[in-house]
Amino acid sequence: MDALFIDSHLHLQNERYQGRQAEVIQRARTKGVGLLYCNGTCEADWAEVLKLAAHHPEVIPFLGIHPWEADRASPNWEKKLYDLLKNEPVGIGEIGLDRRCPVAPQQQEHVFVRQLKMAIELDRPLTIHCLNAWGRLLEILDGLQAKLPPMMIHSFNGSAEIMAQLLKRGAHISFSARLAEQPKLANCCRSIPADRLLLETDSPDQLRRSLCPEAEDGALNEPYLIPRLYRLAATIRGGKHDKLRQQVYNNGTFFAHSLFSRR
(Lines of atoms letter the chains of each structure in order from A; the text may use other names.)
(Lines give C-alpha, C1' and ligand atoms only; values in the text may rest on other atoms or scores of the structure.)
Protein backbone atom coordinates (compact mmCIF):
# COMPACT_ATOMS: atom_id res chain seq x y z
CA MET A 1 0.00 0.00 0.00
CA ASP A 2 1.31 3.46 -0.91
CA ALA A 3 2.09 5.83 1.94
CA LEU A 4 -0.45 8.56 2.55
CA PHE A 5 0.31 12.20 1.92
CA ILE A 6 0.77 14.37 5.01
CA ASP A 7 -0.09 18.05 5.00
CA SER A 8 2.20 19.08 7.81
CA HIS A 9 0.66 22.49 8.52
CA LEU A 10 -2.75 24.02 7.88
CA HIS A 11 -5.64 25.82 9.58
CA LEU A 12 -8.90 23.97 8.99
CA GLN A 13 -10.55 25.96 11.78
CA ASN A 14 -10.12 29.21 9.86
CA GLU A 15 -13.38 31.11 9.46
CA ARG A 16 -12.98 31.12 5.67
CA TYR A 17 -13.68 27.37 5.76
CA GLN A 18 -16.67 27.81 8.06
CA GLY A 19 -19.25 25.08 7.49
CA ARG A 20 -17.21 23.45 4.73
CA GLN A 21 -14.52 21.63 6.68
CA ALA A 22 -16.00 18.17 6.10
CA GLU A 23 -16.01 18.62 2.33
CA VAL A 24 -12.49 20.08 2.39
CA ILE A 25 -11.28 17.04 4.32
CA GLN A 26 -13.16 14.67 2.00
CA ARG A 27 -11.59 16.28 -1.10
CA ALA A 28 -8.17 15.78 0.47
CA ARG A 29 -9.00 12.17 1.32
CA THR A 30 -9.85 11.40 -2.31
CA LYS A 31 -6.35 12.56 -3.28
CA GLY A 32 -4.69 10.23 -0.77
CA VAL A 33 -4.08 12.85 1.92
CA GLY A 34 -4.30 10.94 5.17
CA LEU A 35 -2.90 13.22 7.87
CA LEU A 36 -3.65 16.90 8.39
CA TYR A 37 -1.66 18.75 11.07
CA CYS A 38 -4.16 21.44 12.05
CA ASN A 39 -2.70 24.37 13.99
CA GLY A 40 -4.54 26.75 16.26
CA THR A 41 -3.44 30.37 16.53
CA CYS A 42 -5.32 31.78 19.53
CA GLU A 43 -7.48 30.75 22.48
CA ALA A 44 -10.66 31.41 20.50
CA ASP A 45 -9.97 28.70 17.94
CA TRP A 46 -8.66 25.90 20.17
CA ALA A 47 -12.12 24.39 20.72
CA GLU A 48 -12.75 24.24 16.96
CA VAL A 49 -9.41 22.53 16.33
CA LEU A 50 -10.24 19.90 18.95
CA LYS A 51 -13.75 19.45 17.54
CA LEU A 52 -12.37 18.83 14.05
CA ALA A 53 -9.91 16.29 15.42
CA ALA A 54 -12.67 14.51 17.33
CA HIS A 55 -14.80 14.15 14.19
CA HIS A 56 -12.08 13.43 11.63
CA PRO A 57 -9.34 10.92 12.52
CA GLU A 58 -6.95 12.34 9.92
CA VAL A 59 -6.86 15.70 11.74
CA ILE A 60 -3.97 15.93 14.21
CA PRO A 61 -4.49 18.92 16.53
CA PHE A 62 -1.93 21.51 17.58
CA LEU A 63 -2.85 24.35 19.94
CA GLY A 64 -0.92 27.52 20.57
CA ILE A 65 -0.76 31.29 20.49
CA HIS A 66 0.63 32.78 17.30
CA PRO A 67 2.96 35.79 17.62
CA TRP A 68 0.32 38.01 15.99
CA GLU A 69 -2.06 37.04 18.82
CA ALA A 70 0.42 37.33 21.70
CA ASP A 71 -0.90 40.67 22.95
CA ARG A 72 -4.50 39.42 22.98
CA ALA A 73 -3.93 36.38 25.17
CA SER A 74 -6.09 36.30 28.31
CA PRO A 75 -4.51 36.51 31.77
CA ASN A 76 -5.01 32.77 32.27
CA TRP A 77 -4.07 31.59 28.76
CA GLU A 78 -1.15 29.59 30.08
CA LYS A 79 -3.24 27.51 32.48
CA LYS A 80 -5.90 26.93 29.81
CA LEU A 81 -3.32 25.65 27.34
CA TYR A 82 -1.50 23.55 29.92
CA ASP A 83 -4.73 21.89 31.06
CA LEU A 84 -5.68 21.04 27.47
CA LEU A 85 -2.25 19.61 26.79
CA LYS A 86 -2.43 17.49 29.92
CA ASN A 87 -5.78 16.03 28.90
CA GLU A 88 -5.61 15.83 25.09
CA PRO A 89 -3.15 14.26 22.61
CA VAL A 90 -2.18 17.57 21.03
CA GLY A 91 0.97 19.31 19.89
CA ILE A 92 1.88 22.96 20.39
CA GLY A 93 1.55 25.33 17.48
CA GLU A 94 1.49 27.66 15.77
CA ILE A 95 3.92 29.61 17.91
CA GLY A 96 6.97 31.73 17.25
CA LEU A 97 8.43 35.12 16.41
CA ASP A 98 7.56 37.60 13.68
CA ARG A 99 9.35 40.90 13.27
CA ARG A 100 6.79 42.13 10.72
CA CYS A 101 3.99 42.02 13.25
CA PRO A 102 2.91 44.99 15.41
CA VAL A 103 3.07 43.02 18.67
CA ALA A 104 6.08 44.09 20.75
CA PRO A 105 9.01 41.66 20.44
CA GLN A 106 9.19 41.31 24.23
CA GLN A 107 5.55 40.19 24.38
CA GLN A 108 6.03 37.75 21.52
CA GLU A 109 9.08 36.27 23.20
CA HIS A 110 7.39 35.89 26.58
CA VAL A 111 4.47 33.95 25.11
CA PHE A 112 6.77 31.92 22.86
CA VAL A 113 9.13 30.88 25.65
CA ARG A 114 6.29 29.87 27.97
CA GLN A 115 4.95 27.58 25.25
CA LEU A 116 8.39 26.16 24.52
CA LYS A 117 8.77 25.26 28.18
CA MET A 118 5.39 23.51 28.17
CA ALA A 119 6.46 21.47 25.15
CA ILE A 120 9.66 20.43 26.89
CA GLU A 121 7.87 19.48 30.11
CA LEU A 122 5.10 17.53 28.39
CA ASP A 123 7.14 16.18 25.46
CA ARG A 124 4.93 17.61 22.72
CA PRO A 125 5.94 18.40 19.14
CA LEU A 126 6.24 22.06 18.21
CA THR A 127 5.26 23.97 15.09
CA ILE A 128 7.28 27.18 14.89
CA HIS A 129 6.60 30.31 12.84
CA CYS A 130 9.57 32.60 12.24
CA LEU A 131 9.87 35.67 10.05
CA ASN A 132 12.88 38.00 10.15
CA ALA A 133 13.86 36.77 13.61
CA TRP A 134 16.17 33.84 12.93
CA GLY A 135 19.03 35.00 15.12
CA ARG A 136 16.75 35.58 18.08
CA LEU A 137 15.01 32.24 17.54
CA LEU A 138 18.34 30.41 17.72
CA GLU A 139 19.33 32.36 20.85
CA ILE A 140 16.06 31.44 22.57
CA LEU A 141 16.32 27.75 21.66
CA ASP A 142 19.90 27.60 22.91
CA GLY A 143 19.04 29.53 26.05
CA LEU A 144 16.54 26.89 27.16
CA GLN A 145 19.43 24.55 27.93
CA ALA A 146 17.13 21.56 27.65
CA LYS A 147 16.54 18.68 25.29
CA LEU A 148 14.03 20.00 22.80
CA PRO A 149 11.06 17.91 21.68
CA PRO A 150 10.53 17.38 17.94
CA MET A 151 10.04 20.73 16.23
CA MET A 152 9.06 21.85 12.77
CA ILE A 153 9.86 25.19 11.19
CA HIS A 154 6.74 25.80 9.13
CA SER A 155 6.74 27.42 5.68
CA PHE A 156 10.49 27.88 5.86
CA ASN A 157 11.69 31.02 4.11
CA GLY A 158 15.24 31.38 5.38
CA SER A 159 18.68 30.86 3.90
CA ALA A 160 20.71 27.68 3.55
CA GLU A 161 22.89 28.90 6.40
CA ILE A 162 19.90 29.36 8.71
CA MET A 163 18.57 25.95 7.72
CA ALA A 164 21.90 24.38 8.65
CA GLN A 165 21.74 25.97 12.11
CA LEU A 166 18.18 24.73 12.63
CA LEU A 167 19.09 21.22 11.51
CA LYS A 168 21.92 21.19 14.07
CA ARG A 169 19.27 21.80 16.72
CA GLY A 170 17.17 18.87 15.50
CA ALA A 171 14.49 20.74 13.56
CA HIS A 172 12.39 19.42 10.73
CA ILE A 173 11.97 21.92 7.88
CA SER A 174 8.57 22.26 6.22
CA PHE A 175 8.26 23.87 2.79
CA SER A 176 5.08 25.44 1.44
CA ALA A 177 4.18 26.43 -2.13
CA ARG A 178 6.73 29.23 -1.85
CA LEU A 179 9.04 26.46 -3.01
CA ALA A 180 7.66 26.89 -6.53
CA GLU A 181 8.69 30.54 -6.75
CA GLN A 182 11.89 31.06 -4.76
CA PRO A 183 15.14 29.56 -6.06
CA LYS A 184 16.79 29.81 -2.64
CA LEU A 185 14.10 27.52 -1.22
CA ALA A 186 14.54 25.06 -4.09
CA ASN A 187 18.23 24.93 -3.21
CA CYS A 188 17.36 24.27 0.44
CA CYS A 189 14.88 21.56 -0.54
CA ARG A 190 17.50 19.94 -2.75
CA SER A 191 20.13 19.84 -0.01
CA ILE A 192 18.11 19.08 3.13
CA PRO A 193 18.71 15.60 4.60
CA ALA A 194 15.86 13.36 3.51
CA ASP A 195 14.83 12.57 7.08
CA ARG A 196 14.17 16.25 7.96
CA LEU A 197 11.90 17.20 5.07
CA LEU A 198 8.22 18.06 5.52
CA LEU A 199 5.69 19.65 3.13
CA GLU A 200 2.61 21.76 3.82
CA THR A 201 -0.15 23.82 2.23
CA ASP A 202 -0.60 26.36 5.05
CA SER A 203 -4.25 26.31 3.94
CA PRO A 204 -6.33 28.37 3.50
CA ASP A 205 -3.40 30.70 2.68
CA GLN A 206 -0.53 30.45 0.20
CA LEU A 207 -2.43 29.37 -2.89
CA ARG A 208 0.07 29.78 -5.74
CA ARG A 209 -0.85 30.01 -9.42
CA SER A 210 2.37 28.19 -10.26
CA LEU A 211 0.97 25.06 -8.59
CA CYS A 212 -2.74 25.68 -9.17
CA PRO A 213 -3.11 27.63 -12.44
CA GLU A 214 -6.81 26.78 -12.66
CA ALA A 215 -7.64 28.58 -9.40
CA GLU A 216 -10.18 31.38 -9.68
CA ASP A 217 -9.60 34.77 -8.12
CA GLY A 218 -10.30 34.62 -4.40
CA ALA A 219 -10.03 30.82 -4.22
CA LEU A 220 -8.73 29.27 -1.02
CA ASN A 221 -5.81 26.91 -0.74
CA GLU A 222 -6.85 23.40 0.29
CA PRO A 223 -5.06 20.25 1.45
CA TYR A 224 -6.14 18.27 -1.63
CA LEU A 225 -3.46 20.26 -3.50
CA ILE A 226 -0.55 18.96 -1.40
CA PRO A 227 0.31 16.12 -3.85
CA ARG A 228 1.33 18.81 -6.36
CA LEU A 229 3.90 20.14 -3.91
CA TYR A 230 5.22 16.60 -3.35
CA ARG A 231 5.70 16.19 -7.11
CA LEU A 232 7.55 19.50 -7.27
CA ALA A 233 9.80 18.55 -4.33
CA ALA A 234 10.57 15.16 -5.91
CA THR A 235 11.53 16.88 -9.15
CA ILE A 236 13.76 19.36 -7.32
CA ARG A 237 15.47 16.56 -5.40
CA GLY A 238 15.83 14.38 -8.49
CA GLY A 239 14.06 11.40 -6.98
CA LYS A 240 10.96 9.33 -7.42
CA HIS A 241 7.65 10.75 -6.28
CA ASP A 242 6.58 7.57 -4.45
CA LYS A 243 9.86 7.36 -2.57
CA LEU A 244 9.59 10.97 -1.43
CA ARG A 245 6.00 10.45 -0.32
CA GLN A 246 7.08 7.51 1.84
CA GLN A 247 9.98 9.49 3.29
CA VAL A 248 7.85 12.49 4.20
CA TYR A 249 5.24 10.19 5.72
CA ASN A 250 7.95 8.63 7.88
CA ASN A 251 9.26 12.06 8.83
CA GLY A 252 5.83 13.43 9.71
CA THR A 253 4.83 10.48 11.84
CA PHE A 254 8.19 10.54 13.62
CA PHE A 255 7.81 14.28 14.29
CA ALA A 256 4.38 13.72 15.90
CA HIS A 257 5.00 10.24 17.36
CA SER A 258 4.25 11.35 20.92
CA LEU A 259 0.73 12.33 19.82
CA PHE A 260 -0.02 9.06 18.06
CA SER A 261 1.06 7.11 21.14
CA ARG A 262 -1.48 9.06 23.24
CA ARG A 263 -4.48 8.65 20.90
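Positions of Cβ are set from backbone N, Cα and C atoms, glycine also.
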Site co-member for divalent metal cation 1 according to TrEMBL, given H9, H11, D202, out of E94, E121:
E94
Test of understanding: give the count of other CB atoms lying within 10 angstroms of the CB of H129 (divalent metal cation 2 binding site).
24
Of the binding-site residues listed as H9, E94, D202, the one whose CA lies nearest the CA of H129 (divalent metal cation 2 binding site):
E94
Near H154 (divalent metal cation 2 binding site), which of the binding-site residues H9, H11, E94 can be found within 10 Å, Cα to Cα?
H9, E94
